[in-house]
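Feature annotations, reproduced from Swiss-Prot:
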| type | residues | note |
| --- | --- | --- |
| BINDING | CYS435, CYS441, CYS480, CYS484 | [4Fe-4S] cluster binding site |
| BINDING | CYS484 | siroheme binding site |
Amino acid sequence: MNDKQHGPFIVEGKLADSERMKQESNFLRGTISEDLTNGLTGGFEGDNFLLIRFHGMYQQDDRDIRAERAEQKLEPRHAIMLRCRLPGGVITPQQWLGIDKFAEENTLYGSIRLTNRQTFQFHGILKGKVKLAHQLLNQVGLDSLATANDVNRNVLCTSNPIQSELHQQAYEWAKKISEHLLPRTRAYAELWLDKEKVATTDEEPILGSTYLPRKFKTTVVIPPQNDVDLHANDLNFIAIAEGSKLVGFNVLVGGGLAMTHGDKNTYPSMASEFGYIPLEHTLAIAEAVVTTQRDWGNRTERKNAKTKYTLERVGVETFKAEVERRAGVKFEAIRPYEFTGRGDQIGWLKGIDDKWHLTLFIENGRLLDYPGKPLKSGVAEIAKIHKGDFRLTANQNLIIAGIPESEKQRIETIACRHGLIDDKTTVQRKNSMACVSFPTCPLAMAEAERFLPEFVTHVEQLMNKHGIGDEHIVLRVTGCPNGCARAMLAEVGLVGKALDRYNLHLGGNRIGTRIPRMYKENISSQAILSIMDELIGRWATGRQPNEGFGDFLIRTDIIKPVLDSARDFYDWQEAV
């Protein structure tokens, strides 16, 4: 690749400083090795603060004690969050036991956080333990390369345990796509695994020496489940099957949910349909989409660097034609597909191979030993005896997959004893999700994970008050507008602005194919509950059979749908 790009679809101008950082990083090495030996600070400094993200890490600090430490003239309590690369979310029990032990012995919080990108995160790794974390992952056959920053991130794959044969085929493609789009630099192996430096020049034939303009997310989706929320992602492969055989993919490009408060040039966006491809063209199309975005994406303004903005600027047809040219493939007409849901089916399900699958609801994805509810220990106990695999879902839950009939009762007993199965968990709680936010996320503006459980309790009370306690609303809370909890695809989305202040978005749908519109700006959680009380009451009495909350709000004109987010997302006052 020629990194000096020019042409009608290249954004000219002064490059963002992140581009300088990548160019000068020596293929993601920077001075990270020197920083590791600097005992004067618990953090990484200068460019390394951002470069470690390419290696799957974010530098954070405990914001609950930040002010107190500042008063004591101490630097923030720096610690690292590490995110594993786990395409499709599949992990073996043996691998799980390794990460469980590391979390217990080497992190400040002792927890494992399942994420809605089908992987897990360690929070609270001190700098002196970072190398140990990478070496542990390597020992069990895992890594954290390219799970953050301007690369193709962890590739998602629908976790439908019933369609075992089809899932396996789709999962294999998720792994192939992940491997094909990985950085080729040896920096990760040299820095963390003590591999010898090789006297050759690094090359990045797909990503280029300055990598992508912005993060890039990819999914493999098996209808009728949209558990991966395809419209939150840059590149999506929708599985098309004939019987139980995968024959090709519909390709959708340019989804993304992040925005910036107060900047109307940023907005969430749905992915656009490009067409259908047979299986043999999958990697060529994936590479062509990535390289087109690599060359045409905006490198002067990071807020507008995502694929969704490139498509809006150059046009979907222009981008699609360039992908076809680079791949040497013509898209066929989109094949029919339909989504009917996106939540996990909690509990026992039998697969076509006569094996059983147990989906455990993990509130907020946080596995920790709580008083009277030792969740983390329970999963470890199951891992010690389970012969199948674990599957992390895009809803932050955990599937114990491939359980023979003879082991079913034994595993259920362990799960119940440790609080991993709770018959009192409502369908509303199972369909609610939050990002991590405080105290560890540096971008958090409002509470999310710590806020959600009690907030859901209040919503449950409202549902019961109006006689629909067995119903649910897809509810998401995110602590800032970057969109990690995918609130911009929820029926009710709360986006944090300040402590106990949220923008309230309404009007998404249950299957994740409509962006919710802002209904009220910068209001308290109590005000949100008052609004929901009234609207849930109207839904309870005025809904049509099987009509979801978001669909009801749109049909009754309580709020107008977002039809073209680049143009109408911010017309909220006229649309309410």
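Note that Cβ sites are derived from N, Cα and C of the backbone, with glycine treated the same way.
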In sequence order, which same-chain residues at least six apart have a C-beta under 8 angstroms from CYS441 ([4Fe-4S] cluster binding site)?
GLN60, CYS435, GLY479, CYS480
Where's the emptiest Cβ shell within 10 Å among the binding-site residues CYS435, CYS484?
CYS484
Surrounding the recorded [4Fe-4S] cluster site, with Cβ no more than 8 Å from the Cβ centroid of CYS435, CYS441, CYS480, CYS484 and those residues left out, we find VAL436, SER437, LEU443, ALA444, ALA448, THR478, GLY479, ASN482, ALA485, GLY496
